[in-house]
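K.L.:
For reference, TrEMBL lists these features for the protein:
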- B:20-435: domain 'ABC-2 type transporter transmembrane' (DOMAIN)
- B:21-41: transmembrane segment (TRANSMEM)
- B:183-202: transmembrane segment (TRANSMEM)
- B:243-262: transmembrane segment (TRANSMEM)
- B:321-341: transmembrane segment (TRANSMEM)
- B:361-381: transmembrane segment (TRANSMEM)
- B:388-407: transmembrane segment (TRANSMEM)
- B:413-438: transmembrane segment (TRANSMEM)
Amino acid sequence: MQPALEALNVRKTYGEHVALNDVSLEIPDRSIYGLLGPNGAGKTSLIRIITQITGADAGEIRIRGERLSPKHIGQIGYLPEERGLYKKMKVGEQLLYLARLKGLSRTDATQRIKAWIQRFDLAPWVEKNVEDLSKGMQQKVQFIATVLHEPSIIILDEPFSGFDPINANLIKDEILALRDKGATIILATHRMESVEEMCDNIALINRSRKVLDGPVSTVKDTFRTQTYSVEGKGRLMVVHPDFEVLEHHERENDHFHDIIRLHAGTTPNDLLRYLIGNVEVHAFRELIPSINEIFIRRVRETMPETLVEEPVA
Amino acid sequence: MPSNFWLIAQREYLTRVKKRSFLVMTMLVPLVVAAFGFFIVKIATSDNETQDVVRVLDMSGQRLGARLISTKQMQFKPVQGTLETVKKDYLKSEDDGLLYLPAGLSLEAPRGVQLYAKGNVSIRKQQAVENALDKLFSEDKMLASGLSQEKLDALKTNIDVASINLDESGKEKNSNALATSGIAYALALLIYLFIFMYGVQIMRGVGEEKSSRIMEVMLSSVKPFDLMMGKIVGIAGVGLTQFLLWGILSVGATSAVTALFADKLAATAKTETAANPGGAERAAQVMGGAEVASADNAATPADPAAAVSERFSVFKALRGLPLGMIVVGFVIYFLGGYLLYGALFGAIGAAVDDQTDTQQFMFPITMPLILSYIIGVSVILRNPDGPVAFWMSMIPFTSPIAMVIRLPFGVPVWQLALSVALLIVGFIGTVWVAARIYRVGVLMYGKKITYRELSKWLFYKG
C-alpha cells in the first residue's frame, strides 16, 4: 500500500543551526506513527514542514505519492504542543472560524461542530468565551478544531498534556477511532507508555537526524538482548560457558529469581533445557526492552561525547 | 486560498466592531464633538447673555446719557434723581454699574465722568463705557465742526478683505487662506490619528495572537501573508466604520445643538434690537427721521438660521478649492499611509514577545510620522510649495501627511503622480519587509530581538 506520507532527505536550517539533517521517513497509511526524540531534536521542525508552516531547504515531502502543496492543507490536521485559541472568541464561533479556514462550508462545519460538541459534553459552553473554560475544556476544543475538517493525516504533538486521566483516556479512544476510520496519525510525545500502547510504527529523531525507525515490534526485536528472567526452586550454577547470570536474587525456601543473558549461539531452548535438568522452573520470560529504554539507549549512543560533558564544563 | 484572506479580515472586523469598547468610543467621541459645538455656540451667543446693565445719571443737560449707544456687551439705562438717591437705588438693584455724567460736562472739557460699580470695575466694562462716550463725543465734535450727518455716515467704513488666488493660467479664484489651511490641517490630523490609532491596534492584535499561541494553528491553515494582510484590512474596516459613524453622529449631534440654539439665537437677535433703544433714539433724534437702520443693527443678521449656517458651514470655505484632487488624493494617501505603516506595526507585533518590548521598535516607525505631522503643520502649511514641502511629499513615509497638507493649496499633477508612485513603491517595499519579519517572528519565542536579528530574518528561506 502507498504510504500516507513520505519524507525524502529533508533538510532544514535556521541560519547556522541545522534543525533537520537528511531525514527520511515513511508513514504507512491508516496507522499511528510515533515521532519520538528529545527536546530540540527537530521534531517540531519536521512537523512545521509537513504542515507547510515552513518549507524544507532540501528534500521533499510526499502525501500519497504527491509532492506536498497548498492543496494538502485541508487534508492535514495539526494539534501543536503549544496550544492556543482566540481567548475572547466564543467556542462555537472559534470552531467555525478554524474549520472554515480549512475550507469547510459554513453548513458542513456547523453540523460537525454540533456532533463533536455533543460528544465531548461541551454543549453548555458553546456560547462562552474560550478564556472562561477550564484548561482541560480548552484542550478538548482544540482537539475538535484539529479533527473537525476530517483530515486524512492528523499530527498530534503531546495530545495528552493538560488532560486528567479520564479525559486523556477519552482522547486516546478518539485517536484510535480516527485511525480505525482511516486516518493516519502522527503522534509526537514523550509519554512512552502511550507509544507502546498505541503506535504501530515509530521513528526516533536525535540531534536533527533520524536515528531509528520501523514498526514497534521490529524495533523492539532489534533491541532484544537475549536476556531472560527466570524464577524457580533449586540451585543454579553461576558460571556457565553458554550464559551469564546478570542478577541473582535468593528467596526463602530455596527459591530464586535470576536475570540471565545468553551468549551468542545459545538459544532460549538451550537455557530451558539446562534449567529443567537442574532446577524446578516456575517462570521463564524474555526481557524485551521497553520503548523508553530503547529511546534512552539510542539517544545516549548518538550523543557525542562533547555534548555529554558540556554541563560539567 | 484567497477566501481565507476575507475570512480573516471578516473576523478581525467583526470581533472588534462587536466589542463594547467600540460602541462606547463610537458614542463618546460625537458627544465630545457635540459638547465642543455646544461650547462654541455658547460662546457665540454668550455676549448677549452677559450684557452688562449700566445706569446712567445724566446731569450734563445735553441729553448725552440718552444718546449713549447700547451694544451687545452693555446696555445703558437712563435714570433720574440726585446722585445720592440714584446710588442707593443702584446698590439695591441687580444692575452692573452706574455712570455719572456731571453737570457742566462739555465737549471741550469732558471731565468728571464717574463709573460706580459693586466691587472693582473690570477693564472690559470701563473700556466699553469709554468707547461709547468717545464715539458720542467725536461724532458731536465732527458735527460741530460743520460736517453734515450724510458725510458722517459716509465716513463709516465696513471693511471686508477678500483675497483672490491668481493661478498660473491667470484665472482668478476666491481663496480663503484660513479655510484652506484649516482643511489641510484637518486632513493631516485625520490621517495622523487614523494611522496611529489603528496601527497600534494591528500591533496589539498580532501580539495577542502571538502570546495566545494560536499562530501555529493558524499558520497550518493560512499563509502568514494572508494572516497579516487580513488583519490590516480588517482593522482598516473597523477604523473606517468608526470614522464614518463619528462623522455622521457628530454632524447629527452638532446640528441638533445648533438647532437647539437657533431659537436662542433668534431670541438674542430680538433682544438685541430691543435692548438698543438708545441707538434707535439717537438715530431718530439726530436724523429726526425714520432711518432706524443703524450700523449696529445691520450687522446683526436678522435670520438666526442664516447666522448659524454662516458660522458653522464649510460650504463657503470649500468654494474655489481643488475639491476633486483633495478627495481623490486624500483617499489615496489615507489608505496608502495606513497600509504602509500598518504593515510595519504588524511586523513589530510579530517580532517581539512582550508588549513592553515594542518601544525600541516603535520609535523609528513613529518618528517619521510625528515629524511629518509637526513639520507639516508648521513649515508646509506656511509654505506649501517650498522645498521642504516638496521633498516631504515625495518620501513615502512622510508623504501621506505632507501631501494632504499641500492638496488644498493645489499641487502640480506631475508631483502628485510621482508622489503616489513612490508611495505605492514604498508600500510594496514595507509590506515585503514586514511580511518577512512577520513570518519568522510569529513563531519565534524567548529570543532577544535586535535589529541585526531582524535583518537576518529578511533572508530566511520560506
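The backbone N, Cα and C atoms fix where each Cβ goes, glycine too.
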K.L.:
Which range out of B:183-202, B:243-262, B:361-381, B:388-407 gives the transmembrane segment (B:413-438) the most CB pairs under 8 Å?
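P.N.:
Of the candidates B:183-202, B:243-262, B:361-381, B:388-407, B:388-407 scores highest.
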K.L.:
Apart from its near flanks, which chain residues at least 6 from the ends of the transmembrane segment (B:21-41) lie with a Cβ under 8 angstroms of it?
P.N.:
238, 242, 245-246, 249-250, 252-254, 256-258, 261, 308, 312
K.L.:
Quick check for me: are there 3+ Cβ pairs below 8 Å between the transmembrane segment (B:361-381) and the transmembrane segment (B:243-262), leaving out pairs under 6 residues apart?
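P.N.:
Contact between the transmembrane segment (B:243-262) and the transmembrane segment (B:361-381): absent, because fewer than 3 Cβ pairs are under 8 Å.
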